């Protein structure tokens with residue numbers, strides 16, 4: 001009897017422990033009490049009640065499970081704590097999530113009611129508390145849209161100017177008081193955006209504008225920086241700044257009660273501080289005032305920009321620099337064409353760019369300079385890699401000079417600042433000489449215009465004759481004015497993206513037909529042979545998974561290809577986008593993968609001549625209105641007849657990361673070269689990361705190395721982007737990972753051919769075990785290219801080829 005009693009109490013204790021630590025979900029019938037917690041399925045996060053610093057106040061929060069001391073990452077009722085130990089968190093009858101106080105009713109709620117037949121609250125594996133509709137599975141509310149002081153991986157700061165919605169970080173009042181503090185972290189609606197910390201209504205710290213993968217005001221974020229961030233801004237006035245960190249299982253970004261933005265990563269034992277800002281006195285906003293330059297040193301040093309002097313010498317002597325500087329010589333600006341009053345620009349290097357910049361779109365560096373020069377309100381400009389042209393029409397505020405890194409800021413000065421007040425030399429020319437010069441110049445210009453126009457017509461006729469000799473049926477020749485009208489003169493609003501050899505624009509012909517226009521840039525390296533190759537090849541290849549060319553336009557040196565318009569653009573706009581990736585769930589991705597394989601099979605086997613694409617990658621897969629994939633960009637493709645199965649070139653073309661070892665190293669390409677590229681593409685689609693940007697762990701594992709390691713540990717099932725976990729079929733995902741690894745094996749003979757590849761994707765037959773890939777390339781640049789003696793990127797020498 002005694003033993004039975006012991007067993008009974010042991011079972012009761014176990015039940016209590018399981019109830020305490022393994023609560024499954026919150027529903028109307030199953031509220032969460034003070035003694036219970038709700039865990040994420042991966043065991044990383046936990047939701048429950050806590051009391052900071054052993055106070056009497058009770059808060060509902062999320063923290064890292066099993067980490068001591070406890071690190072709270074989100075608080076529900078941060079402004080309304082309760083002291084009632086009978087409080088509980090529950091789903092109301094109208095589907096809302098409420099915190100009930102046993103004595104005083106509702107203490108906190110999500111503030112929304114839903115027309116729902118039932119809902120539940122769950123804690124996801126990325127620490128997001130979600131309220132889900134039971135019937136549809138739709139997310140009704142999520143904590144990631146209602147920040148506290150912490151960002152977790154896959155969460156986003158955002159703004160929407162149309163709706164006024166913002167997601168910001170708000171500090172705790174103190175380290176032990178979760179109520180809102182005075183510091184707020186947000187992204188600004190400028191283009192490009194920057195992260196800004198406000199102290200009440202005053203600017204406290206800013207990162208500088210975002211430049212593709214880095215913040216320009218953080219010198220540690222150089223071109224080699226593996227950025228865990230992503231910024232998307234659109235023309236409708238909204239922006240999303242998303243935090244990714246795949247290199248560490250546990251990581252977070254917080255805004256502390258003292259106003260510091262900190263990034264922590266857990267090494268398995270302790271939290272490591274990997275970044276903190278403000279990091280020095282110069283990081284404090286506007287410490288040197290307008291037109292002042294803060295020099296990063298100990299102690300802090302302020303100086304005025306060239307051409308400026310302290311606004312108040314006495315204040316500067318006392319160490320109060322916030323009054324800033326005033327211009328020494330006033331500007332005289334009347335178009336800045338000629339004359340002694342012409343303004344000049346003085347470059348300042350290693351600078352954190354000032355605040356209140358404005359973005360000038362679609363201009364190069366020289367046009368940026370001229371735009372500022374001819375705008376009398378423009379005080380400075382900068383042309384930044386990854387951004388383009390920025391100009392300043394307001395006081396230059398919060399400029400910092402680093403010992404290394406930073407950007408070049410060109411500030412506007414009076415011409416006299418260049419070399420003192422020396423008198424300018426005056427060049428006097430006689431009226432007769434000037435008149436003669438004008439006459440000769442006009443005559444020369446007229447003759448040049450005639451030669452250019454004549455050459456343009458001659459070139460156009462030569463191109464037409466060459467294409468006609470290739471017997472390209474159904475190929476239409478478009479006039480330039482037709483394409484200019486269709487694309488609104490190649491306006492920026494019509495630009496769809498950047499292709500392998502130039503820009504791509506959306507157009508609409510007079511009959512209402514939508515087209516895509518590929519404008520080949522003069523610097524692309526694609527000459528007549530490559531252009532002819534792409535026209536002839538695509539026009540003769542017909543398959544539902546290949547893009548269709550409608551015609552071309554040749555006007556002088558201008559070469560345009562006109563394609564059928566793909567409504568959903570390219571696959572990379574979905575797979576690598578933090579928001580749009582959710583529109584392409586796993587079943588749809590698997591369909592896309594099979595479609596690409598079918599298109600590749602046609603190129604390799606089913607057309608009369610074998611076609612090797614040589615530049616197969618995610619950005620070259622276009623999607624129609626039904627999300628059907630179509631392989632595009634055939635400028636680098638090669639064809640050969642009969643039994644020939646490989647070729648060799650001295651000029652290797654393609655994109656770094658997608659190129660097979662034998663092709664990149666020796667110039668040998670074959671069907672197996674495209675198979676290698678397909679394997680990389682398949683793994684990118686599964687993981688949701690670009691190979692050129694992927695880096696995992698302290699060793700900086702490449703995407704292929706990471707996939708190989710994952711396949712060895714879990715057969716690759718954990719590789720799928722976690723945001724797609726609900727839609728995945730684990731065995732199918734694991735099989736695709738194995739197929740991807742089979743495709744990227746070092747030896748071409750070990751890789752499947754295209755027929756075998758499609759069979760692997762469409763059947764459940766046994767697969768061989770892959771061998772470890774050895775050719776792994778690590779690059780920080782998007783779609784970087786090789787350029788060595790053996791390699792020439794986006795250039796090629798090839799013979800004219802004919803398709804079927």
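Heads up, the Cβ atoms here are built off N, Cα and C, so glycines get one too.
Among the features that Swiss-Prot reports, signal peptide is placed at 1-24.
Within its own chain, residue 282 (disulfide bond) has 294, 295, 296, 300, 400 as residues 6 or more apart in sequence whose C-beta sits under 8 angstroms from its own. Annotated disulfide bond per Swiss-Prot: 282-294 (among others), in sequence order.
Residues or ranges marked as disulfide bond in Swiss-Prot (evidence: similarity to another entry): 288-302 (among others). Cβ environment of residue 288 (disulfide bond): 294, 302, 303, 321, 322, 324, 399 lie under 8 Å away, each six or more residues apart in the same chain. Under DSSP, residue 288 (disulfide bond) is assigned to coil, being neither helix nor strand in the three-state scheme.
The domain 'PAN' annotation in Swiss-Prot covers 333-415.
Of all the Cβ atoms in the protein chains shown, 20 others lie within 10 Å of the Cβ of residue 368 (disulfide bond). The disulfide bond annotation in Swiss-Prot covers 368-389 (among others).
Just so you know, the Cβ of residue 378 (disulfide bond) picks up 19 other Cβ atoms within 10 Å once every protein chain is counted. Among the features that Swiss-Prot reports, disulfide bond is placed at 372-378 (among others), with the record citing similarity to another entry.
Using a 10 Å radius centred on the Cβ of residue 615 (active site, proton acceptor) and all shown protein chains, the other Cβ atoms total 23. Sequence annotations record features per position, and here Swiss-Prot assigns active site, proton acceptor to 615.
Each residue in the domain 'PAN' (333-415) has a pLDDT score, and their mean in this model is 89.
Mapped onto DSSP classes, the domain 'PAN' (333-415) shows 9 helix, 33 strand, 41 coil.
When the recorded positions 372, 378, 615 are ranked by how far their Cα is from the Cα of residue 389 (disulfide bond), 372 comes first. Across the fold, the C-alpha of residue 372 (disulfide bond) and the C-alpha of residue 615 (active site, proton acceptor) stand 40 Å from each other. Cα of residue 615 (active site, proton acceptor) to Cα of residue 378 (disulfide bond): a span of 43 Å. Considering other CB atoms within 10 Å as the measure, the emptiest surroundings among the disulfide-bonded residues 294, 302, 372 are those of 302. Reported as a whole number, the C-alpha separation between residue 378 (disulfide bond) and residue 368 (disulfide bond) equals 11 Å.
DSSP gives residue 294 (disulfide bond) a strand state. Around the Cβ of residue 389 (disulfide bond), 22 further Cβ atoms fall within 10 Å across all displayed protein chains.
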